[in-house]
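J.: TrEMBL feature annotations, pasted as is:
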- Ala26, Gly27, Ala28, Gly29, Ser30, Gly31, Lys32, Thr33: ATP binding site (BINDING)
- 5-283: domain 'UvrD-like helicase ATP-binding' (DOMAIN)
- 284-556: domain 'UvrD-like helicase C-terminal' (DOMAIN)
Amino acid sequence: MEWLKELNEQQKEAVLSTEGPLLVLAGAGSGKTRVITYRIAYILSMGLADPDNILAITFTNKAADEMKERIKKLVSTKSFAEMWVSTFHAACARILRMEAHNIGFSNNFVIFDTQDRNQILRECFNKLNIDTEKLDIRYVSRLISNYKNQLIGPSDVSRYSDVDARIIEVYKLYNKLLKEYNAFDFDDLLYYTVVLFETNPDILEKYQNKFKYILVDEYQDTNYAQFYFIYLLSQKHMNVCVVGDDDQSIYSFRGANIKNILEFEKVFSNAKVIKLEKNYRSTKTILSAANEVIKHNYYRKSKMLWTDNHEGEKIFLYSAFDEVNEAEFVAASIKNLIENGVLPSQIGVLYRTNAQSVNFENALSAYSVPYKVVGALRFYERKEIKDIIAYLRLITNSHDDLSLFRIINVPRRGIGNSTLEKIKVLSEEYGVSAYTILLERAKFDFDKKTYEKLNSFVSLIEDLKAEAENLSVSQTIKLVLDRTGYLESLLSSKSEEEFQRAKNIEQLISAAAIFEEENEEPTVQNFLNSITLSSEEEDTQKEEKVSLMTVHAAKGLEFEVVFLTGLEEGLFPLVRAEEALEAEKELEEERRLCYVAITRAKKLLVLTYANNRRVFGRFSFRQKSCFIDEIPQKYIQNIYGPITKICHTLSAGINQVDDASISNLQVGNKVQHGKFGVGKVIWLSDDMKEVVVEFEEIGQKRLLLSYANLKRIG
Ligand SMILES: Nc1ncnc2c1ncn2[C@@H]1O[C@H](COP(=O)(O)OP(=O)(O)OP(=O)(O)O)[C@@H](O)[C@H]1O
Ligand SMILES: [Mg+2]
């Protein structure tokens with residue numbers, strides 16, 4: 001285990017203290033995620049447990065994949081597929097796939113996403129004759145979600161809060177419908193897993209025995225249901241290790257409860273607590289700025305965080321005329337950084353709200369900079385993809401009415417609204433699924449024409465069901481496309497939009513093929529499971545692209561260069577400082593968000609704000625964010641144009657060379673660059689900061705060594 005040397009003393013202690021409850025409470029970039037990764041590797045290497053005895057929880061699916069990859073690099077010859085490294089949701093879905101029949105669902109349930117949920121809620125409002133003008137669906141949606149996160153069922157609500165009786169009615173009906181559809185929403189996955197454990201002690205015991213070691217990353221953002229899930233599971237072996245940072249708790253609006261981390265020692269008596277104080281990620285300047293900002297929060301455990309890293313460049317501050325100019329500045333600067341060898345994937349553009357992305361998208365396109373918007377326009381939420389998925393869902397679970405109504409007339413089959421209404425009414429009257437009504441269609445008085453149409457729809461679905469049994473996921477999708485004429489109807493249209501849709505479907509088939517390769521049990525059902533869970537974040541592409549994302553989505557990530565944008569009062573912080581007396585807690589959460597944002601940057605942090613911004617199409621005058629003023633002036637350098645013009649300043653600030661293979665680079669070495677390909681070093685500056693490479697394809701380029709991510713290959 002040579003790699004234990006890659007840990008400092010405190011990290012090593014956290015990795016080696018495998019038995020008993022452990023809390024690692026530490027600031028950003030101090031190696032918490034590394035501790036979890038190495039701890040798993042250590043447990044496996046020491047033979048303390050098999051991969052299937054481990055449950056590790058990460059905040060996103062992407063983080064789970066990365067963690068698995070890293071563990072594989074540290075330990076070899078183990079059956080990794082058995083190891084549970086996933087989000088809470090995915091872990092619960094996996095348990096319910098095997099156990100849901102114990103609580104009145106069937107194991108082939110479907111998972112409804114947020115859109116599905118709102119549609120079902122609309123249905124509930126209709127049925128209960130509630131006016132959506134008077135009661136906001138999104139409000140009720142959030143409320144129900146909050147209840148579930150706190151493990152409060154419909155019949156318990158009135159005990160906990162003084163809530164409108166209609167909301168309780170909606171909650172009850174909503175749950176009833178989901179059960180009829182044999183579906184869970186995201187919150188249900190946790191809620192019902194806990195219900196399962198509480199009502200079936202033998203099943204709980206089975207999983208308690210199985211998971212000898214439990215590890216949770218980003219513990220500060222767990223909600224009550226998640227805490228309780230971990231609590232129940234860990235009661236047998238008590239080997240539960242959680243890592244987190246109270247300063248980075250940013251999901252309270254989704255029910256996350258910071259108490260979980262602050263009271264860990266109370267709940268798990270004898271818990272060991274380890275603090276990590278050394279930051280490995282950021283320059284001294286960036287870390288100091290982050291420390292200064294977070295110091296303004298009153299409700300926090302004070303922490304020390306220091307770094308051995310270089311002073312680094314000052315933090316750049318750009319004051320833009322308006323949001324268009326801000327985006328232009330960011331795009332021009334990025335273009336220049338990339339030309340100087342910074343990999344696009346090492347650049348992050350962060351903003352407070354999703355709506356801000358559009359300006360950056362436009363500007364980056366204009367500068368031909370490749371980018372991806374992380375977390376927005378989710379692939380699996382596009383219409384055509386949802387249509388095909390609805391077919392797959394219906395094939396695996398014909399009681400899924402939501403999917404049935406989605407596609408019964410897609411592509412058009414001439415089944416009119418009045419027929420659909422009639423089917424709905426009948427299914428309610430008889431208390432069966434809509435598909436059952438279709439199967440029994442002869443018993444009801446559909447007119448002849450409609451009857452024929454229903455006939456052919458049912459035989460289509462029945463044929464698909466029968467044939468799909470022996471097919472892989474991608475083959476099943478192709479079968480659906482073929483039999484329904486879905487793709488044909490898109491391709492026959494000449495519009496660009498339809499063409500794009502066809503392209504997206506192609507991508508879905510590729511995604512299915514990848515799924516088949518990577519999974520042990522690549523059934524259609526497992527595929528559906530995995531995509532519904534990953535659609536909350538989208539990052540299937542691994543190409544070289546600049547990342548645009550909200551600060552929330554950036555949690556746990558790191559970039560060489562971070563642009564933190566829209567730093568204006570009323571935007572970031574989203575609450576106004578002067579209203580902060582009552583909104584004190586909200587302002588503190590905004591400040592934690594700002595702390596998360598700043599600490600994503602390794603070498604360079606660029607802050608921007610606009611003096612004018614169009615809000616609902618109208619120009620409004622903006623004031624710069626109070627957070628900017630919380631960073632001492634000595635760390636800040638105002639700049640007045642794109643980073644282009646001051647590239648040499650930038651290079652002067654970057655005197656750190658990361659990669660050992662590059663640190664003793666010499667003229668004549670062969671190197672590889674992410675974008676420019678293979679080349680030969682023909683000049684090196686005395687201070688080893690700059691290098692000129694003769695690339696085979698594009699000729700000479702002058703690069704900043706610490707940014708260029710060159711790999712020596714000869
Ligand atoms: N002992 C170490 N030696 C060298 N590099 C380290 C060490 N520990 C952590 N790092 C590096 O520091 C960076 C931050 O580590 P990591 O992401 O684990 O921190 P974290 O505490 O989880 O951060 P966050 O709070 O943002 O989630 C990573 O690039 C990691 O590889
Ligand atoms: Mg982390």
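Glycine residues also receive a Cβ, built from the backbone N, Cα and C atoms like all the rest.
Help me understand the surroundings of these features in the structure.
T.: Sequence-distant contacts of Thr33 (ATP binding site), defined by Cβ-Cβ distance under 8 angstroms and a gap of at least six in the same chain, are Ala63, Met67, Asp217, Val243, Gly556. DSSP gives Thr33 (ATP binding site) a helix state.
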J.: Do any of the binding-site residues Gly27, Ala28, Lys32, Thr33 touch ligand 2, in the sense that the CB is under 6 Å from one of its atoms?
T.: Lys32, Thr33
J.: Please give me the CB contact count at 10 A for Ser30 (ATP binding site), counting all chains in the structure.
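T.: A 10 Å sphere around the Cβ of Ser30 (ATP binding site) contains 28 other Cβ atoms.
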J.: Provide the number of Cβ atoms within 10 Å of the Cβ of Lys32 (ATP binding site), excluding the reference atom itself.
T.: 25
J.: Counting only residues 6+ apart in the same chain, whose Cβ is under 8 Å from the Cβ of Gly27 (ATP binding site)?
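T.: Listed in sequence order: Asp245, Asp247, Leu276, Glu277, Asn279, Lys303, Leu305, Thr599.
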J.: When you measure from the Cβ of Ala26 (ATP binding site), which residues in the chain that are at least 6 apart have a Cβ under 8 Å away?
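T.: Listed in sequence order, they are Lys32, Val243, Asp245, Ile274, Lys275, Leu276, Glu277, Lys303, Leu305.
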